[in-house]
């Protein structure tokens, strides 16, 4: 800890990550002088004290805390969503826990009484609790409940009805109908052994654990929907109909009563009868069973007894003669260790890939003898190494088919080992074959690798360096992969025996290294190989091991099958105990469709893909996830299904109706490929920016009030000719559809707000006025041939994309392209009709300075250093003889790249880019390159005397900044120059003031030139760039995240940063928000602030394009900035502003503390309202509020009558708000999660429905309710702190008044009470 403090004092820009784990000691937050606003997951699992906890009250969402002292009010962060207090066992009092939290109290065993737990808790783990529960003790919203030690009587109503996942593994009290919640789907009653009657178990149960149950079961006792049942102790007679027809997994491990046909349901896929030894005849076992365990069976099997669908078969005790075809043909894995009968070739099917038999009397294999080493082994090739960790390992490997034979080893005179191995002529490292394997071969190789690692582990060996380079593939003489045993594992340099493993493993491949090896936490073992195996499988299928999620786990490629994805996912678990071992992994691959009940687990990962998930949903399982993909899920969902925090949601197979409020308001990207139900108002969250359908094809008049996102992709199915006229206006900016048009498009199909229209299957004529004038970018079909109709395009279009498949030459199309179109993409290529296409590859002629590409120092005079670029310095130099490339040009700019830096870049990068741009007037002319005698690289470009960089000009300016008019004038030239660079097919990727040069052309006009193309990239069709390159202070978010979205818009982000530079702000030391977006100088006009803001958008689709930025800069008016300009007076304190124009950044003075916006109803951009406002009043506002829309300074907030707090107020979490007024007409009981925790005066003057327990924040002292409040009994749920209450009733009902007064008398804390505005005693 002291080192952290000292490091912080040395460097004030110390960065706190989003995930913090402290492993021991005492945590003192007092040394942090920075905000912990980025910390989302905080692991304090070994800390035993807390000091200054308010330092992280607001920002931590996931807290793991080993804390045994009494919790006091305010100790825990207010907005924690998942809280691990697994060691806590002190008494809770109301208000000590956060208002909405997933809670782990594994050690807690103090008495709970009603009201001690927040009503919003939906995940509760009380695995040590064994005190009697009474009805109302547990919150009604509970979905996951773990009471694994509980064994007190339960009565109907004790458990919350919404519970879906229930663990009562110690419970053995009599259950009666209605005791278990009706909605429960997973029930663990491992210890239960009381008689069950029909209707005791709820009908919705799908997973049922009754592992101790041995009472007689009768038809109807088990629910009809059960899919998985554990009856591992059951040994009473089963009759037909006892087990439900839908069951797929049955564990009858102890059962040994005679089975008759139809006793077992035909749909069973996994059947465990490990004690069964009664005669089996054809028709007894289910026809669809795939996994069959009859490991005690030793009666004669005949052909037809076992189902043809069996793939995994355990016959561990079987030793009767096996006739041909007795074992089904589909069996892949067969366990027969007791079998000692004679074998013929037809005994086992050809598909059996894993066969375990006993030692056969005729089995002899002399090939496994160790041959003593000789001094010369001429007939074998020899591998030589200086490393040899343990000879015993190599001795053991001589009996393992998946490793090379060892011939021996000797020490030479230098005491180094010479190890002699088998050499196989037809063996190729897997790393050299990756691009040649098809999908089927990839899976076959993966299965064989798993099998080989299983063999190594069974011999007690841990490899520690599994990767493609250490795996050999064996081929036959025809260069075809051997049918079996074609894998050889090599590279045992780091290996150890299991009995000798230690935590100090060094030198293994970092990209494949398991977390426990990096952490040296003592958890090394066989599971470390499983992690490396997962990384190797990603290698095999073409994945990139450098692409990691927030926890450092490699991302699994999307194109894989569900089985392949799940196999890798079972390998790449942070916790070694959660990984499969090699045997489990091999069995999983062989019997991929076996269903097992999986307990919902805590997932802090921000990126989660559950390809096969289609069962019980537990919200706590999704806490912390920002990216959630469920490929197979197709069940109805409700509002608690997905945790509020998910930003990217993909429901690949989902096709059920969506109601208002079902999906959380945090979602920004929503993909519903299979969805085809009517959309209702509020069914698509307002936070969604990007919405993708594929099969959606309906719209009605009821949907015209929908607010749809800015980017909408309808896919191929949506009939835009039929429904297009009903699409809501004014919200969609980008519209994408693959509909195949039957007639020319009509502009009434397209909303007037759309600026980017993508009709990628439109190949018909374009009629006059058929495309709206709002369109700036247009994409047409891949076989568009009506070129003459392009003249009908509106003049607003500047970007056009289309394709064609006929014999037209692109050059012939020039006459059809309207002059207002500046960017053209044809068949995936950017076309420039104004100039001949630049050279495409570096291999073409480059007019180099020297034919042999050599650099001689004596030929050059270095005049001065111009600067340092990426990977090299740049010098101003003179050629001694005054001739460069045959011309009389003496001055030159030379970039020197050291040999060591040359390894970081490819020569073909900067040289090829410069060569490609040699005819582009906005880059320095390229002369050539050369190497000196030390192999340093020199790149020669034009030098223009008198030229200067933007950064040098900034230094010469007063206060080191340009005036706005100067920035505007220069930026128009800079962006136009950038458009020419992009037209040449190049993205710069490192634009900043240092790399922009101003020079004079022949006409003495200022011309912009870009330099330092060392990090540039050529634009290619369908390219996704993942490289982490550029200057950090100017780097776009998508480049830092390496998410494949980097492209030409990344240069626009750099332009925005450069404008900030020119305005006088040092980006290296500027403040940034949570997404890394730099702050904008406050002295700029609102118009300029908004231009920069639109360059710095996190979402690349929302960012300016080159074309739109040129237009916006050209139209900007520096003076008379906006209607708000007159309100910038620093002396103005109180302001009533009657306007409905969007409020721009900085448009309202920072001294205003009272702000009234009576008619305002626009989105409030975070930061638009001044940070000085304390009193904020609205009347017409009804827009979604983002996290920072309301300044932290606001103490009094009046939301007026229009604001729908149920839909738009989820982020209303300011701790500063003390008084909140809202006239919203609630349709359902208010929830604490909608109200600021800090409110003391709450005025809900149109609230006339019932109150629920814990629905009002505990700090509220003054409460105002509606004018027709009749739910009198619910007033008993008021918090204890309320001392002032005002309500209204109609018609002065005396009876109602007396009832109210009677309840108020029980609330001793209430000292002031009003009905209809009249004070009551």
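Residue numbering: from 1, along the chain as shown.
Glycine is treated like the rest: Cβ placed from N, Cα and C.
What Swiss-Prot records for 108-149 is repeat 'FNIP 1', and it gives sequence analysis as the kind of evidence. Annotated repeat 'FNIP 2' per Swiss-Prot: 150-191, in sequence order. Residues or ranges marked as repeat 'FNIP 3' by Swiss-Prot: 192-233. Feature annotation from Swiss-Prot assigns repeat 'FNIP 4' to 255-296; the stated evidence is sequence analysis. The domain 'Protein kinase 1' annotation in Swiss-Prot covers 295-595 and rests on sequence analysis. Per Swiss-Prot, the feature ATP binding site maps to 301-309, 325, 866-874, 895. Residues or ranges marked as active site, proton acceptor by Swiss-Prot on the basis of similarity to another entry: 465, 990. Per Swiss-Prot, the feature repeat 'FNIP 5' maps to 654-696; the stated evidence is sequence analysis. Look at Swiss-Prot and you will find 741-783 tagged as repeat 'FNIP 6'. Annotation comment: Swiss-Prot describes 860-1128 as domain 'Protein kinase 2'. Under the heading repeat 'FNIP 7', Swiss-Prot lists 1160-1202, citing sequence analysis as support. Taken from Swiss-Prot, the feature repeat 'FNIP 8' covers 1224-1268.
Cβ neighbours within 10 Å of residue 301 (ATP binding site), excluding its own Cβ and spanning all shown chains: 21. The residues of the repeat 'FNIP 3' (192-233), classed with DSSP into helix (H, G, I), strand (E, B) and coil, number 0 helix, 6 strand, 36 coil. For the recorded site, residue 868 (ATP binding site), the DSSP three-state label reads strand. Between the CA atoms of residue 307 (ATP binding site) and residue 990 (active site, proton acceptor) there is a gap of 65 Å. Each of the active-site residues 465, 990 was scored by the other Cβ atoms within 10 Å of its Cβ; the lowest score goes to 465. Residue 465 (active site, proton acceptor) and residue 990 (active site, proton acceptor) have their C-alpha atoms 38 Å apart, to the nearest angstrom. Of all the Cβ atoms in the protein chains shown, 19 others lie within 10 Å of the Cβ of residue 874 (ATP binding site). Of the recorded residues, residue 301 (ATP binding site) and residue 990 (active site, proton acceptor) place their C-alpha atoms 73 Å from one another.
Within the set of binding-site residues (307, 868), the lowest number of other Cβ atoms found within 10 Å of a Cβ is recorded at 868. Taking H, G and I as helix, E and B as strand and the rest as coil, DSSP gives the repeat 'FNIP 2' (150-191) the counts 0 helix, 6 strand, 36 coil. The two recorded residues, residue 990 (active site, proton acceptor) and residue 868 (ATP binding site), show a Cα separation of 13 Å. When Cβ atoms from all protein chains are considered, those within 10 Å of residue 325 (ATP binding site) total 13, not counting its own. The average per-residue pLDDT of the prediction over the domain 'Protein kinase 2' (860-1128) is 78, rounded to a whole number. Across the repeat 'FNIP 5' (654-696), DSSP assigns 0 helix, 8 strand, 35 coil.
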